[in-house]
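Asks: Have a look at the structure that comes next, please.
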Amino acid sequence: MSIYTRPVMLLLCGLLLLTLAIAVLNTLVPLWLAQANLPTWQVGMVSSSYFTGNLVGTLFTGYLIKRIGFNRSYYLASLIFAAGCVGLGVMVGFWSWMSWRFIAGIGCAMIWVVVESALMCSGTSHNRGRLLAAYMMVYYMGTFLGQLLVSKVSGELLHVLPWVTGMILAGILPLLFTRIVNQQTQARHSSSISAMLKLRQARLGVNGCIISGIVLGSLYGLMPLYLKHQGMANASIGFWMAVLVSAGILGQWPMGRLADKFGRLLVLRVQVFVVILGSIAMLTQAAMAPALFILGAAGFTLYPVAMAWACEKVEHHQLVAMNQALLLSYTVGSLLGPSFAAMLMQNYSDNLLFIMIASVSFIYLLMLLRNVGQTPNPVAHI
């Protein structure tokens, strides 16, 4: 029986449309703010309000799923995201845009929690890696296509908002034709995010999501700046970023399959080691293409494998809470990593971007090498 059931395929189709909209807005909002002559610190504050919304949305979505189920939570999340999009055209100004991006951030985080939790609850310990790999492939493909859309269509605010809003609403349609069962509502005991974060046997998965956030946040946010400082033109920067993201897309399926077959612990060790090698290779600047490719293939696949590791260690009814904890951990890492790396780059050297990535990866590798007690029969086996 295929792991890609009808509900899973429809869920991923909806996610693709929503991710396209997210990618377009995340690229154009800072440009719209700059065109409005807002100072850089205000542009940064609007971006921060979006990520703050991500944190807030992550915290309460589990409760929402338990109360109204996956489908209705997904509809509500999409409508909140659409409202945050429409608001940008209704009210113009720093404070109003901060508010609307905060609302959009809540909606986006809710979408991620709902989709990831639904996929984990649909799978088993034997195929969850492949399900999460498919999720990440769709997510990165949507991000990639969103960047292409930005380069091909008009970037005017009032030209973009109508079709982006329509795309968000179209993302609701696939789930109108299926129902995703929430087995958590039948559980006697609910789990909290804090309890999942404290769970000793899942700590490597939580730490892996933090490290993944640091690595990806730093690469996404600061790699273009690093390349710019190397004297590259915008077209060249776009090419190398495409290489990085493409490697992440291509690496998802093999890593997910290997993790299901040989175990997540072994695959995580190999991934982290390859991230370290890729970072060191970037410092030499001798072979940027293979260095960026292996860095993208290993770095962009850390998150789903770490998620699958953590989800092996909990009961089935705890999967939604665990997913919230993992997404929260990733978000914290993606906020801290670029901030710290940017400070190092500004005050010392651009090369410290890769030294930092290699250093945090090495610390995580030591944690993985210390763990020799991988559970042969995972708890979440159903």
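Placed from the backbone N, Cα and C atoms, the Cβ positions cover glycine too.
According to Swiss-Prot:
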type	residues	note
TOPO_DOM	1-7	topological domain 'Cytoplasmic'
TRANSMEM	8-28	transmembrane segment
TOPO_DOM	29-44	topological domain 'Periplasmic'
TRANSMEM	45-65	transmembrane segment
TOPO_DOM	66-74	topological domain 'Cytoplasmic'
TRANSMEM	75-95	transmembrane segment
TOPO_DOM	96-101	topological domain 'Periplasmic'
TRANSMEM	102-122	transmembrane segment
TOPO_DOM	123-130	topological domain 'Cytoplasmic'
TRANSMEM	131-151	transmembrane segment
TOPO_DOM	152-156	topological domain 'Periplasmic'
TRANSMEM	157-177	transmembrane segment
TOPO_DOM	178-203	topological domain 'Cytoplasmic'
TRANSMEM	204-224	transmembrane segment
TOPO_DOM	225-230	topological domain 'Periplasmic'
TRANSMEM	231-251	transmembrane segment
TOPO_DOM	252-269	topological domain 'Cytoplasmic'
TRANSMEM	270-290	transmembrane segment
TRANSMEM	291-311	transmembrane segment
TOPO_DOM	312-324	topological domain 'Cytoplasmic'
TRANSMEM	325-345	transmembrane segment
TRANSMEM	349-369	transmembrane segment
TOPO_DOM	370-382	topological domain 'Cytoplasmic'
Asks: Write out how many residues of the topological domain 'Periplasmic' (225-230) are helix, how many strand and how many coil, based on DSSP.
Replies: 5 helix, 0 strand, 1 coil
Asks: Count the residues of the topological domain 'Cytoplasmic' (66-74) that DSSP assigns to helix (H, G, I), to strand (E, B) and to coil, and report the three numbers in that order.
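Replies: DSSP composition of the topological domain 'Cytoplasmic' (66-74): 9 helix, 0 strand, 0 coil.
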Asks: Using DSSP, how many residues in the topological domain 'Periplasmic' (152-156) fall into helix, strand and coil?
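Replies: Grouping H, G, I as helix and E, B as strand yields 1 helix, 0 strand, 4 coil.
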Asks: Residues of the same chain, at least six outside the transmembrane segment (291-311), with any C-beta under 8 angstroms of its C-beta?
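Replies: Counting only partners 6 or more residues beyond its ends, the transmembrane segment (291-311) has Cβ contacts under 8 Å with 116, 120, 125, 128-129, 132-133, 135-136, 140, 202, 204-209, 211-213, 215-216, 219, 240, 243-252, 255-256, 259, 264-265, 267-268, 270-272, 274-275, 277-279, 281-282, 284, 319, 322-323, 325-326, 330, 357, 380.
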Asks: Are the transmembrane segment (231-251) and the transmembrane segment (131-151) near each other by the rule of at least 3 C-beta pairs under 8 angstroms (pairs 6 or more apart)?
Replies: yes
Asks: Check for me, if you would, whether the transmembrane segment (157-177) reaches the transmembrane segment (8-28) - at least 3 Cβ pairs under 8 Å, residues 6 or more apart in sequence.
Replies: yes
Asks: With a cut-off of 8 Å between Cβ atoms, can you find at least three pairs linking the transmembrane segment (45-65) to the transmembrane segment (325-345)? Only pairs 6 or more residues apart in sequence count.
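Replies: Result for the transmembrane segment (45-65) with the transmembrane segment (325-345) is yes.
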Asks: For the topological domain 'Cytoplasmic' (312-324), jot down how many residues DSSP puts in helix, in strand and in coil.
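Replies: Computed counts for the topological domain 'Cytoplasmic' (312-324) are 9 helix, 0 strand, 4 coil.
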Asks: How many helix, strand and coil residues does the topological domain 'Periplasmic' (96-101) contain under DSSP?
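Replies: Once the DSSP states are binned, the topological domain 'Periplasmic' (96-101) shows 6 helix, 0 strand, 0 coil.
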Asks: Take the topological domain 'Cytoplasmic' (252-269) and find every residue of the same chain, 6 or more past its ends, with a Cβ under 8 Å from one of its Cβ atoms.
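Replies: Same-chain contacts beyond the ends: 126-134, 136-137, 140, 204, 208, 297, 300-302, 304-306, 308-309, 312, 365, 368-369, 371, 374.
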Asks: Going along the chain, which residues at least six beyond the ends of the topological domain 'Periplasmic' (29-44) come within the CB cut-off of under 8 Å?
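Replies: Same-chain contacts beyond the flanks: 50, 88, 92, 94, 97, 101, 155, 157.
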